[in-house]
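Structure first, commentary second.
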């Protein structure tokens with residue numbers, strides 16, 4: 001049992017002892033055991049003259065018999081009691097109520113609240129600050145990683161080989177510094193892991209702890225600043241002193257953006273305390289005193305908010321980007337996590353990796369775990385590929401909401417809405433392939449068309465972005481064509497938002513507007529309160545931007561309308577199939593519209609000869625929505 005458990009048991013035993021002591025004194029247990037008798041029996045003994053003396057305190061009567069035995073009883077409101085006792089020669093002693101309580105017991109009860117408060121305060125001070133150091137607020141909360149338990153090594157980290165190589169070099173330096181010092185090299189003072197959430201930054205730190213044969217301390221950025229002024233700076237000093245005593249060692253600071261934000265962007269005492277903590281960290285990392293052998297490794301997914309002084313060489317010499325894995329990285333990560341579950345030969349890591357572009361390592365781990373849970377729920381002994389597909393749909397599209405009972409009218413409208421998305425997506429050559437279309441409510445949506453790129457995408461061209469806008473607008477267009485303009489629903493609100501975001505990014509960030517040109521008009525850096533500031537633009541330019549955004553969205557709207565009008569029969573076919581089957585894969589949709597068997601696995605290049613025709617129509621639509629010179633002058637005025 002650890003010290004904390006023994007301390008809790010000791011305080012519990014003390015509390016029980018005090019309660020027992022209270023009961024003992026209250027029952028006069030230390031003064032002898034008294035025989036309780038009834039009041040009628042007491043009166044009989046008085047009349048028989050067998051009672052020598054009594055002590056009366058309120059309604060409690062304690063007495064001594066002629067043979068020396070003691071007794072006690074409780075008296076009702078009996079006016080003739082005293083006369084009856086004196087007539088039978090019984091000695092009477094009357095005691096005030098206030099003096100009945102034992103002196104020690106009274107002292108204990110009067111001081112008990114104060115003693116309890118002192119005891120609780122001492123208890124918490126011991127627990128929070130290392131066993132009795134009541135003023136230990138400034139002590140570092142860095143935890144030394146124990147050698148007990150399973151170790152995570154670089155073998156458990158997959159898909160981020162570049163980051164592993166950089167960190168392996170640091171581990172090698174700590175193990176054998178002479179190898180690098182022969183050439184005059186110095187160990188890096190700090191290493192910053194940068195990347196989106198779930199890419200394995202903390203896992204890398206755990207692997208370093210498992211690989212390095214040196215002490216490894218870990219702490220969170222939020223552990224420095226608390227309620228007392230100066231605590232953060234004191235904890236930073238104590239952390240580095242702890243590191244120097246155990247050098248060579250590694251100190252890992254997770255989520256360093258909690259304490260390392262830009263100085264001067266906030267107001268108030270809390271911000272001053274955070275800046276004081278950051279200043280102390282800057283001095284400790286690269287100040288007058290050297291920290292030989294103490295390597296700082298930090299992780300963050302917000303490098304844009306970190307102070308520039310923290311990022312300079314000499315503090316964080318290396319900044320390692322930990323990005324989402326590519327298809328090969330995803331395959332390696334899946335193989336690592338598949339080792340932990342039972343699966344059959346139908347599960348192919350390469351196929352799963354190809355169908356999960358953009359997934360982080362944490363999302364892939366969650367995918368494998370969800371598949372195992374689905375298989376267990378169905379009573380299977382092994383996970384198969386169908387379970388993996390179900391898990392992927394759950395992660396991508398959300399949990400199926402079986403509690404929602406859609407009417408036939410809503411189901412029909414949703415089928416045409418999602419059918420419009422899917423059909424336009426098939427006829428847009430630059431759009432990402434359709435993964436699945438469903439009218440089963442998932443997450444916050446009544447239906448969904450999920451698109452997945454065939455390869456990892458790191459940028460998009462104009463045609464891809466325009467195709468995405470057309471696919472976004474296709475659901476609303478389908479509702480308008482089938483049910484009329486007055487029957488269009490609010491279900492396309494999120495689609496309109498997505499299309500607007502893409503169009504505005506094309507105009508203000510990517511420079512893909514001929515009218516505005518390659519000029520950046522997006523949001524700039526944070527202001528002093530941490531809010532995003534937009535670039536200063538004139539009112540005329542703002543109107544031009546709005547006009548260009550509207551033009552691009554209208555162009556996508558007309559493009560989608562042209563496709564759906566031309567292929568209205570296919571829209572009806574697809575919508576009816578969604579009503580019947582509720583969920584269709586991209587391959588099933590192609591088979592359906594090509595007249596093949598729904599579950600045919602033959603390669604199907606759909607559409608056949610329509611892509612060129614649609615491209616020509618798109619150019620006509622561009623001419624239709626083109627901003628004329630007169631319109632430009634009107635907007636500018």
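Think of each number as a place in line: the chain as shown, counted from 1.
Positions of Cβ are set from backbone N, Cα and C atoms, glycine also.
As a whole-number mean, the pLDDT of the topological domain 'Cytoplasmic' (1-6) in this prediction is 59. The topological domain 'Cytoplasmic' annotation in Swiss-Prot covers 1-6 (among others) and rests on sequence analysis.
Residues annotated as topological domain 'Periplasmic' in Swiss-Prot: 28-103.
Marked as topological domain 'Cytoplasmic' by Swiss-Prot on the basis of sequence analysis: 125-637 (among others).
The 10 Å shell around the Cβ of residue 197 (ATP binding site) contains 9 further Cβ atoms across the protein chains shown. For 195, 196, 197, 198, 199, 200, 201, 202, the entry in Swiss-Prot reads ATP binding site.
Reduced to three states, the DSSP call for residue 417 (Zn(2+) binding site) is helix. Around the Cβ of residue 417 (Zn(2+) binding site), a 10 Å sphere holds 28 further Cβ atoms from the protein chains shown. Annotation comment: Swiss-Prot describes 417, 421, 495 as Zn(2+) binding site, evidence class sequence analysis.
Here Swiss-Prot flags 418 as active site, drawing on sequence analysis. Every protein chain considered, the tally of other Cβ atoms within 10 Å of the Cβ of residue 418 (active site) stands at 26.
According to Swiss-Prot, the feature region 'Disordered' maps to 617-637.
By neighbour count, meaning other C-beta atoms within 10 Å, the densest spot among the binding-site residues 196, 200 is 200. When the Cα of residue 197 (ATP binding site) is compared against those of the recorded positions 417, 418, 421, 495, the shortest separation belongs to 495.
Residues near residue 195 (ATP binding site) in space but far in sequence (CB under 8 A, at least 6 apart, same chain), listed by position: 201, 301, 321, 322, 323, 324.
Here the binding-site residues are 199, 202, and the one whose Cβ sees the fewest other Cβ atoms within 10 Å is 202. The ATP site is defined by 195, 196, 197, 198, 199, 200, 201, 202, and by the 8 Å test on Cβ atoms against their centroid, the other residues of the chain that qualify are 299, 301, 322, 360, 361, 362. DSSP gives residue 202 (ATP binding site) a helix state. For residue 495 (Zn(2+) binding site), the count of additional Cβ atoms within 10 Å of its Cβ stands at 19 [all protein chains shown]. Spatially close to residue 421 (Zn(2+) binding site) yet at least six residues away along the chain are 437, 449, 471, 472, 474, 475, 478, 495, judged by Cβ distances under 8 angstroms. Spatially, by CA atoms, the binding-site residues 196, 200, 202 include one closest to residue 418 (active site), and that is 196.
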